[in-house]
């Protein structure tokens, strides 16, 4: 699985066990990602922070 880094032009191959790509952003600014990368379990979103997870190459 390949996931985009914070700068979308770059991507990285996820290590074994981390089989989801994720994008994290502030609820107040949904168009501006704060973090991107590989993760094993999708974190829960909160009132301030939203996570979007997916499992295909560069889907974040």
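Keep in mind that glycine also has a Cβ here, set from the backbone N, Cα and C atoms.
The disulfide bond annotation in Swiss-Prot covers 3-21 (among others) and rests on similarity to another entry. Non-local neighbourhood of residue 21 (disulfide bond): 1, 3, 4, 14, 36, 37, 38, 39, 53, 54, 55, 56, 58, 59, 60, each in the same chain, at least six residues away, with C-beta under 8 Å from its C-beta.
The disulfide bond feature in Swiss-Prot is assigned to 14-38 (among others); the stated evidence is similarity to another entry.
Following the DSSP three-state reduction, the secondary structure of residue 53 (disulfide bond) is strand. Per Swiss-Prot, disulfide bond is recorded for 42-53 (among others).
Swiss-Prot lists 54-59 (among others) with the feature disulfide bond, giving similarity to another entry as the kind of evidence. Within 10 Å of the C-beta of residue 59 (disulfide bond) we count 16 further C-beta atoms, all protein chains included. According to DSSP, residue 59 (disulfide bond) sits in a coil region rather than a helix or strand.
Counting Cβ atoms from all protein chains shown, residue 14 (disulfide bond) has 18 others lying within 10 Å of its own Cβ. Of all the disulfide-bonded residues listed (3, 53), 3 sits in the most crowded Cβ setting, with the most other Cβ atoms within 10 Å. Residue 3 (disulfide bond) falls within a strand segment according to DSSP.
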